[in-house]
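Undergrad: Just passing along the structure, written as structure tokens.
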């Protein structure tokens, strides 16, 4: 890619250098020898056939396990990406974590942008299952950040406690969190924080490093749902994303804490717009405006986000490809949540239920985190509208149950072909 940004350069066969030009001076340091790493792994594996290395997935319930046949494993197990990332590293989190009480997890992660190409034979069918039939081999993803297209984005606040829209973005040229070195992780932090310093007006704010916070300060931000949790999730730890914690991790937020950027958790960045109450339209308007400004500031400094027309924005987990967008609400549903039709209603509306505190938590006081299930194949505007329409349907069901009336399961939404 053209431009004075940090990138991996081949200095001589077998050696990779990190050229740091974005800071105004050139600094070079040896990162790794991915070719030798991959060669050593392949040589060791040749002592045993792929069938001897194939993981035991008989009790697993994740997308990876559904598609990783012995034949696919045999064809991919000796391949590596240019940075040395392997198939076994992709799938380890799904091998170690067979299933999840609330959702069917993906069970695999990417280590770099090239992962999705090198291991496409496994990733493509997983993506197709996870994203409601989206076929990355034949379809193209669309982006739309025009918040003026949103209709009726105001929820009844007797039910909806807070509204939030988030996405992720990855810096091209640097490995993703499961694979990044300490130097790459620190470079992500430097690039992002430098760009965010250019935000103005109601988006202006400051960056807070985890390493400079007290335990009490961290916990308060977590309890208030502003900060990501400590790296206790087995999905996170098994994928290698908790290494060196809390080095080069942090949170940036504006003065009102309504626009936030997480740095170096599951992704290089998570961009979040949130506020209490049910004004999803205002939350999405701020999200679109802030995200466009962040991307402009990143590009002005010679960097860019990982993106391609098949998969949209590239992130660590295949579940977040495309828009990377999760529009959600904290909503009280004491009656509907006890109805045995609730899971099927969510499924047909393409909505996902999480616990009050996120993916690895339970619901507290019948309050659920409800958000869009899909990220890929629909635009940001389409997904936010889907959530608005779906949440209003859930509220209508709750009201009907309050009045002693019956509810019905809506017909399933069909994936549009792009």
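Each Cβ is built from the backbone N, Cα and C atoms, and glycine gets one as well.
So Swiss-Prot says this about it:
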BINDING   162-166, 225, 270, 326, 354-359, 369  ATP binding site
DOMAIN    46-132  domain 'Phosphagen kinase N-terminal'
DOMAIN    159-401  domain 'Phosphagen kinase C-terminal'
MOD_RES   214  phosphothreonine
MOD_RES   356  phosphothreonine
REGION    40-64  region 'Cardiolipin-binding'
TRANSIT   1-39  transit peptide
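What does the local environment look like for each feature on the list?
TA: If you draw a 10 Å sphere around the CB of residue 369 (ATP binding site), it holds 23 other CB atoms from the protein chains shown.
The Cβ of residue 214 (phosphothreonine) lies under 8 Å from the Cβ of no residue that is in the same chain and 6 or more residues away along the sequence. Mapped onto three states, the DSSP output places residue 214 (phosphothreonine) in coil.
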Undergrad: What is the total of other Cβ atoms whose distance to the Cβ of residue 162 (ATP binding site) is within 10 Å?
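TA: The answer is 19 other Cβ atoms.
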Undergrad: Which residues, sitting 6 or more apart from residue 164 (ATP binding site) on the same chain, put a CB under 8 Å from its CB?
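TA: The answer is 272, 273, 274, 275, 283, 327, 328, 329.
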